[in-house]
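Let me begin by presenting the structure, written as structure tokens, before commenting on it.
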Amino acid sequence: MAELTIRPEEIRDALENFVQSYKPDAASREEVGTVTVAGDGIAKVEGLPSAMANELLKFEDGTLGLALNLEEREIGAVVLGEFSGIEEGQPVHRTGEVLSVAVGEGYLGRVVDPLGNPIDGLGEIETSGRRALELQAPTVMDRKSVHEPMETGYKAVDAMTPIGRGQRQLIIGDRQTGKTALAVDTIINQRDNWRTGDPKKQVRCIYVAIGQKGSTIASVRGALEEAGALEYTTIVAAPASDPAGFKYLAPYTGSAIGQQWMYEGKHVLIIFDDLSKQADAYRAVSLLLRRPPGREAYPGDVFYLHSRLLERCAKLSDDMGAGSMTGLPIVETKANDVSAFIPTNVISITDGQCFLESDLFNAGQRPALNVGISVSRVGGSAQHKAMRQVSGRLRVDLAQFRELEAFAAFGSDLDAASKSQLERGQRMVELLKQAQYQPMPTEDQVVSVWAGTTGKMDDVPVADIRRFEKELLEFLHRKYQGLMTSIKEGAKMSDDTLTAIADAIADFKKQFETSDGKLLGEDVPAAGK
């Protein structure tokens, strides 16, 4: 056997080759921390001195956590997912990434969790990139004033508190007053715009469900699917059974998905249902992380929680692509108290509010819109021109009717003018009622409101008002289609158009039969009665 000899030159050459081929970036330094406290959806971690605010941390079982509290010796993290497998002493790794969500057209028609993962069993989602959840809202110079209408399909809202694309309009009221129904109907009302295929008309919708029952979210999805509205809607679901961290993050996830479309020059409608539950979840997380409580035990930055979310809704300037994101945040009140902490915060952030009152709802007035304290601060300039023309006096007339109604309750004798105003008010209240999941096209709303405010329905019995309206609109679409199309196109109505509408209504009245068997304008019973 030959003797093994190693020459010094060979050792030197091998070392030189290794040193020359060494790449410093191939080596990595990883920080590993340790869980010191775990439970109730939060974890405290030691040993990660370089962690960033809002950085994702990875626990031993693969669950992610979000670094919220950066203290001198430890990090307070909220666990994003099931926390039962996280125990003291387990290692925690940094990911080097801040929280982000995948975005893209593939989200339309899907139900996802607050991390953007599909939960509807329809397979993976095709995405076009990722977007950070904590992004700066558009600056003042990036914005443009609101000037395009975002119709809800409700006469009461579109006539008296109009909403424009890029506006933030709060929907506020007690539980079970129709807040979600108003929001869902607004999504359904975008169906005709979507079917035009025109990107300038199409609206992509996002429904963020926070802290609701799973059955409620399923029923909303079913209603949208049945109405043909799911194809342009994304549902971000954080049901009541989810950890508080998911409920806190869900609105930001929906907003990030919507912002991507907005910056691509598209129009977006996002509904947060509801922000009261998000604030409750944030309060729970903050108290568990030992942050100092403030009013109603909410942390000091709860205003910033909602302001940085809602400021992302905007109408972008032409240079930025002219896209828009319209926000409809929902807030629940207790006993119609709009002066509580969260309601006043969100009212001060938004551009107006629709206040739905439980007394009106229980009296059969649906939508239960309280005209007195509902307002739209910027939507007037975006309102459909024909609607603005016919709805000018509607708010004042209804407010006067409510006062007169309260006065008449004392049984005082009223003069003829007051009686006439009271009777017309009763008809207008009846006219503004609408069934759920039946939004009305703009041209139908214009005719209906004009007929009511100008007294064209004064001779129709109150009990027949809704049937009269339904049959009148069917008659107009059948025999006066050109007239309805001209109203829809958005121009202010000329005197000739108004005369044509009045003639058409008079024409219809000749054949309308009231519930007591009379033809309008005649005192004799209809034939066969």
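Backbone N, Cα and C atoms are what each Cβ position is placed from, and that goes for glycine too.
Note that the structure is predicted; figures quoted are calculated from it, not measured.
These come from Swiss-Prot:
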{"type": "BINDING", "residues": "Gly173, Asp174, Arg175, Gln176, Thr177, Gly178, Lys179, Thr180", "note": "ATP binding site"}
{"type": "SITE", "residues": "Ser374", "note": "site 'Required for activity'"}
Fill in the blank from the handout: Apart from the site residues Gly173, Asp174, Arg175, Gln176, Thr177, Gly178, Lys179, Thr180, the 8 Å Cβ neighbourhood of the ATP centroid comprises Glu332, Leu356, Ser358, Phe361, Ala368
Fill in the blank from the handout: CB neighbours within 10 A of Thr180 (ATP binding site), counting all protein chains shown, number 22
Fill in the blank from the handout: Across the binding-site residues (Arg175, Lys179), the Cβ with the fewest other Cβ atoms inside 10 Å is that of Arg175
Completion exercise
Cα of Gln176 (ATP binding site) to Cα of Ser374 (site 'Required for activity'), in Å and rounded, measures 18
Practice task
Please report how many Å separate the Cα atom of Arg175 (ATP binding site) from that of Ser374 (site 'Required for activity'), as a whole number.
Solution key: 17
Practice task
According to DSSP, folded down to helix, strand and coil, what is Lys179 (ATP binding site)?
Solution key: helix
Fill in the blank from the handout: Cβ density check for Ser374 (site 'Required for activity'), other Cβ within 10 Å (all protein chains) comes to 22
Fill in the blank from the handout: Minimal Cβ count within 10 Å, across the binding-site residues Gln176, Thr177, points to Gln176
Exercise for the section: Sort out for me which one of Gly173, Gly178 has the most neighbouring CB atoms within 10 A, since those are the binding-site residues we care about. Expected result: Gly173
Handout entry: Proximal but sequence-remote residues of the same chain as Asp174 (ATP binding site) (Cβ under 8 Å, at least 6 apart)
Key = Glu332, Thr333, Lys334, Ala335, Asn336, Leu356, Glu357, Ser358
Completion exercise
Quick note, Thr180 (ATP binding site) and Ser374 (site 'Required for activity'): C-alpha atoms separated, nearest Å, by 17
